[in-house]
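K.L.:
The topological domain 'Cytoplasmic' annotation in Swiss-Prot covers 1-10 and is backed by sequence analysis. Under the heading transmembrane segment, Swiss-Prot lists 11-31, citing sequence analysis as support. If you look up Swiss-Prot, you'll see 32-464 marked as topological domain 'Lumenal', on the strength of sequence analysis. The N-linked glycosylation site annotation in Swiss-Prot covers Asn70, Asn201, and the record cites sequence analysis as its basis.
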Amino acid sequence: MRCSPKRSLTAVIAASFLLLLLLLLLHRGSWQDPQEVQFRDLPSDAVLKILKQGSLHILQDTDNLCALHNISYHLLAGSPLPHKKFLAVGLSSVRRPRGYYLPDTLQSLFKQSSEEELQEMVVVVHLADADPIWNAQVAADISHRFAHHILLGRLVLIHTPHEFYPTLEGLKRNYNDPEERVKFRSKQNVDYAFLFTFAANLSSYYLMIEDDVWSAKSFFTAIRKAVASQEGSNWATLEFSKLGYIGKLYRSSDLPRLARFLLLFYQEMPCDWLLTHFRLLLTQKDVIRFKPSLFQHMGLYSSFQGTVNRLEDDEFQADAMDLPDNPPAALFTNMVVFENYEPSKAYSTARGYFWGKNPAVGSIFSIVFHQPARVTRVRVQTGSSERPGDFLHAGVLELGRGRRADGRDCSVYTTVGTFEKGNLEWRGLEKGMPNPVECVRIRVTQSQSEWLIIQSIGIWTAGT
């Protein structure tokens with residue numbers, strides 16, 4: 001397939017500009033200072049090696065970018081509706097040596113969504129196996145199981161013919177990966193690039209998942225709320241899972257350049273690494289990840305050689321609507337905060353947690369509401385799998401009234417619960433304290449040598 005001279009020139013210019021951006025990000029301060037490298041997931045010398053070796057093939061592979069403008073997809077089932085939805089959910093699927101999880105994944109997506117949510121959502125499955133017989137069999141199976149959703153335009157199955165793929169033979173073996181792994185991950189990058197291109201005009205936002213995940217109930221509404229909370233910010237990626245590229249959300253307007261990015265560097269590194277670099281190139285330095293996670297990995301066997309893969313997200317919550325209200329508040333503690341693990345990270349739905357040094361008898365963590373609230377339920381989780389000893393060994397939860405003049409505390413507190421093995425959850429608190437409260441406080445009742453991690457604090461209020 002050939003491109004016009006004008007299109008080829010545009011592709012070369014775009015590739016050169018992208019390469020320049022990568023070099024600037026890698027060494028924005030000094031060519032001699034490797035600490036300035038922003039690609040934290042990749043050693044700087046490895047990236048430089050890739051760029052030096054790849055500078056030639058970048059110009060050669062611009063023909064691959066032209067393919068994105070001329071793809072003739074095979075519609076295996078369903079057809080996109082003419083009007084845009086709020087959300088497109090995209091996943092790519094190939095034959096696994098062991099296990100077949102696609103039907104369960106689709107069932108979870110549809111079952112965990114209300115009728116109103118489904119009206120604003122479309123699911124696109126890219127059946128990307130090289131075996132056309134397998135693709136046809138899966139398409140027939142899915143069409144039979146989900147005929148209702150296909151007829152309503154909620155589910156579309158596509159395939160990209162082999163002739164549109166770049167070469168998958170003789171690829172560079174970066175990181176000493178075996179040849180078969182390099183071929184697998186390189187094809188996976190191209191699979192996603194073609195999927196992104198197809199989905200770019202279907203919706204306002206695009207959610208990336210895998211073909212072996214469970215979805216939380218009402219994940220759609222949780223995502224809509226998360227997007228609204230980021231209004232006015234120039235985010236590139238929002239994340240709703242800790243695992244790989246499960247639960248990554250993009251603006252659909254960014255999908256064409258993300259597709260070009262994956263296709264340009266398809267043989268260099270795995271997809272999740274490229275997605276991280278894409279986020280950095282779009283100047284989003286920090287990960288924006290929401291808690292709890294909305295998607296859980298369920299597949300036991302990976303799509304690469306059928307190896308056992310027991311990955312699980314320990315922050316997954318099955319009901320996305322069972323989310324705390326967490327009224328606007330100021331947070332205070334008399335514990336010494338370690339580095340940037342601020343109190344706000346325990347109270348926010350975003351990524352991170354509070355980490356305090358040397359909790360002693362009388363150490364406190366206070367939440368002072370901007371406005372009084374009727375608290376009905378409180379849930380606090382401390383400790384972490386990485387630091388299992390850094391949980392609250394002994395402590396109580398208190399509700400307070402009579403906010404002091406300095407706005408940092410309340411004058412009167414009532415103890416409502418005791419921590420058990422670092423965790424606490426109490427419901428029906430409005431029965432004991434029917435009037436609005438102004439403070440919620442965690443108080444340490446026994447000194448401990450381990451530091452204290454507060455993973456999350458959830459507060460539910462009446463009337464919300």
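Every residue, even glycine, has its Cβ placed from backbone N, Cα and C.
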K.L.:
Quick one: give me the count of other CB atoms within 10 A of the CB of Asn201 (N-linked glycosylation site).
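P.N.:
That number is 13.
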K.L.:
Give, as a single whole number between 0 and 100, the mean pLDDT over the topological domain 'Lumenal' (32-464).
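P.N.:
The answer is 86, the mean pLDDT of the model over that range.
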K.L.:
Whole-number answer please: how many Å between the C-alpha atoms of Asn70 (N-linked glycosylation site) and Asn201 (N-linked glycosylation site)?
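P.N.:
A Cα-Cα distance of 15 Å.
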K.L.:
Within 10 angstroms of the C-beta of Asn70 (N-linked glycosylation site), what count of other C-beta atoms is obtained when all protein chains are considered?
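P.N.:
By my count, 11.
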